[in-house]
C-alpha cells in the first residue's frame, strides 16, 4: 500500500504533484442525494489558495475545482466523486539546482532513500500543494454534514505564530475572517503582521499553532481503543505537511494539572448532561461528549528559505544550497483551512460509522440520561 488514502466509510484518496498537470481527490463513500456543486467547494478552496496576500507564497493558482464523476444534476450519486484541480503557474526552472541536492528540512532525502527516484519540481508529492486536494474533499464533507447534521460548525484559526500567542481574554471568533492570519485576536493580528514583515525581509520563516473547533457534534461519535475519534483526528492532522505535533483539548498542558483541576465535572441541564469545563477537548474514552471538539496542531517553520545551508548531493559530496522559488514565510496561515477540511472529513466519517453500527437517526444516542 502506498498510503495515499484516509478514512473508513468516507474515504479520500489524493493524487498529483506540485508541478504536474493537475492534482485532485477521489472521494468514496459520500451518501447519495447530497447537494454538491463546484461553487460550494470552491468557496473553501479560495480560502487556501496561494497568492492572496503578501504573507503567503506568490505562486498564482486559481485552484478551480472540476467535478468529473459521482454527481448528477447537482446531487451525489453514491459513487466515487472525482475532483480535479489543474496546476497553471508552475516554475519548474526554479528547482533545477535541487535535482542533485537535498534540501535540509524537506522530504527530498527520505523520498530518495525510500523510492530511489523523486520529482524535485516543487517537492513533487511531498509539497503542501497536495493539501488543495484535501480542502476540496473537505468541501464535499462539509456539504454532507450540512445535510445530515446541520448544527455542526467547524472553525479553524491560528493561536500562535513563532513565540507570539494570542490573548485568550481577547478571543473573538468574529475576528477570524477579518485578518490575513485567521487569528481570533485583533491586537495579535497587528503584532504578527509586523513580526512576519521582518522575517520576510530577512528571507527567513516561522512556525505556528492552529486550533480547529467542531461545535454542534452529537455525543457518541467514536469507538473504544483502536477506533477512537481522537485517534483519527490526531492521525488526520499529523498527516498535514509540516505538522510536528497534535493536541486534543488541553493536550500537553494537562500533564501539569491535578486530577481535581482537570476533571470536567458533570451536572444535569435542561437538555441533558452539561460539563463545567472542557479540558478533555470534547472527547472521553475516544467518544465525543457533545461538547466542542478541540484539536491543535503545530507546524514547523517553512524549510524553503533564502539562508544558505549545508547539505549533500546524491553522490554524497558536501554542498551548499539556497532555496529559490516562491514559498510561504509561515505555512501555518494556509494550514488553517486544511485543518478544517481534515476535521470535516473525520467527523463525517464517524457520523457514518455511528449510523452504520448503532442505527437510528444521526446524532441519536442509545444510552438515555434523565
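In case you wondered, yes, glycine gets a Cβ from its N, Cα and C as well.
Under the DSSP three-state reduction, residue 48 (NADP(+) binding site) is assigned to helix. Residues or ranges marked as NADP(+) binding site by Swiss-Prot: 48.
Feature annotation from Swiss-Prot assigns FMN binding site to 125, 126, 127, 241, 242, 285, 300, 301, 302, 303, 304, 326. Mapped onto three states, the DSSP output places residue 304 (FMN binding site) in coil.
Cβ neighbour count within 10 Å across all protein chains ranks 48 highest among the binding-site residues 48, 125, 300. Sequence-distant contacts of residue 127 (FMN binding site), defined by Cβ-Cβ distance under 8 angstroms and a gap of at least six in the same chain, are 17, 18, 241. Other Cβ atoms within 10 Å of the Cβ of residue 242 (FMN binding site) number 20 in total over all chains.
Of all the Cβ atoms in the protein chains shown, 22 others lie within 10 Å of the Cβ of residue 304 (FMN binding site).
Residue 242 (FMN binding site) and residue 48 (NADP(+) binding site) have their C-alpha atoms 16 Å apart, to the nearest angstrom. In the three-state DSSP scheme, residue 127 (FMN binding site) falls into the coil class.
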